[in-house]
Number of protein chains: 2
Amino acid sequence: MNTASSLKSRLTRAQKQIHCLLEQSGETLTAQAIYQRLKDQQQMLGLATVYRSLRSLQIKGLAQARALPNGEWAYGLTSDDSHYLTCLNCGTSVPVEDCPVHSLEEKLGQSSHFQIFYHTLEFFGLCAPCTGRLEAESP
Amino acid sequence: MNTASSLKSRLTRAQKQIHCLLEQSGETLTAQAIYQRLKDQQQMLGLATVYRSLRSLQIKGLAQARALPNGEWAYGLTSDDSHYLTCLNCGTSVPVEDCPVHSLEEKLGQSSHFQIFYHTLEFFGLCAPCTGRLEAESP
DNA sequence: ACTAATAATGATTATCATTCTCATTCTAGT
DNA sequence: ACTAGAATGAGAATGATAATCATTATTAGT
């Protein structure tokens, strides 16, 4: 039995619910959104438990987080390898298809002493409408 | 004159001070740290102004931000292309030398309608000490 | 099954980085 | 120098997340 699987071993009820929700929804969700959705489907968890469980899932290598421009975090499963291009002005995000990072991740896993669970790769700039707007404002 | 340079055109006093500080320090700094350092060197700016200026510098393509695990943001210049490997348990960060993302960034800049200023690339997992500690705790 | 010990949960409160507000000060163009 | 309009500062407001602690569920040992 390897390290990862022993850490993943037992999940609490709350952790299972959240893992399951992330699996079903397919998209990434904020902690507050997870709280709401569970409440809506009569699986109510305390907000504190949602945060605690998300942290535990991360440490077990099952969940990942990316920071949104507004300061919130979006959570998803580590099996999901999606990345985004985000406008610094309006916050619009569009998905990026390519991901050239896997070979580097493997190399790092061997050379560093870290056990790597996931990576984030995000691009930032201005979307076309915002570029236009900002140029118009500051001639 | 291209889009980027026109946006970068004029910097306010506060924006210049912060840009200069980031240039000198060489490391990335949180907004609160920037506020403190400027105060220490008798260049005091209001906290609101620090935040406003950082946002403006980002939109002008001069500064970039990466989210720290504790919810703060670390700011640096876009000319700095450094990336990190961070422990999900204790927050320790170590720099990653390689960066295989540039060719993708160029390709995206052409195919998407975004004007891309910078990217973040972060790896997350457990450092060796934390892996040991967590295994000891949950046998 | 029963009980003691341990871990998980929920309700509430506290924290703290960031944003908002608005009165004041600076700046650019005339 | 004068006058918009932008920039700034002080302080209050916001809101996501973390901490606290009493209660409930789970586990392990008998």
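Glycine is no exception: its Cβ is also placed from the backbone N, Cα and C atoms.
Residue environment of A:CYS130 (Zn(2+) binding site) contains 19 other Cβ atoms, counted within 10 Å of its Cβ in all protein chains. Under the heading Zn(2+) binding site, TrEMBL lists A:CYS87, A:CYS90, A:CYS127, A:CYS130.
Sequence-distant contacts (6 or more apart, same chain, Cβ under 8 Å) of A:HIS119 (Fe cation binding site) comprise A:VAL101, A:GLU105. For the recorded site, A:HIS119 (Fe cation binding site), the DSSP three-state label reads strand. The feature Fe cation binding site is assigned by TrEMBL to A:HIS119.
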Protein Cβ atoms within 10 Å of A:CYS87 (Zn(2+) binding site), excluding its own: 21
Where A:CYS130 (Zn(2+) binding site) falls in three-state DSSP terms: helix
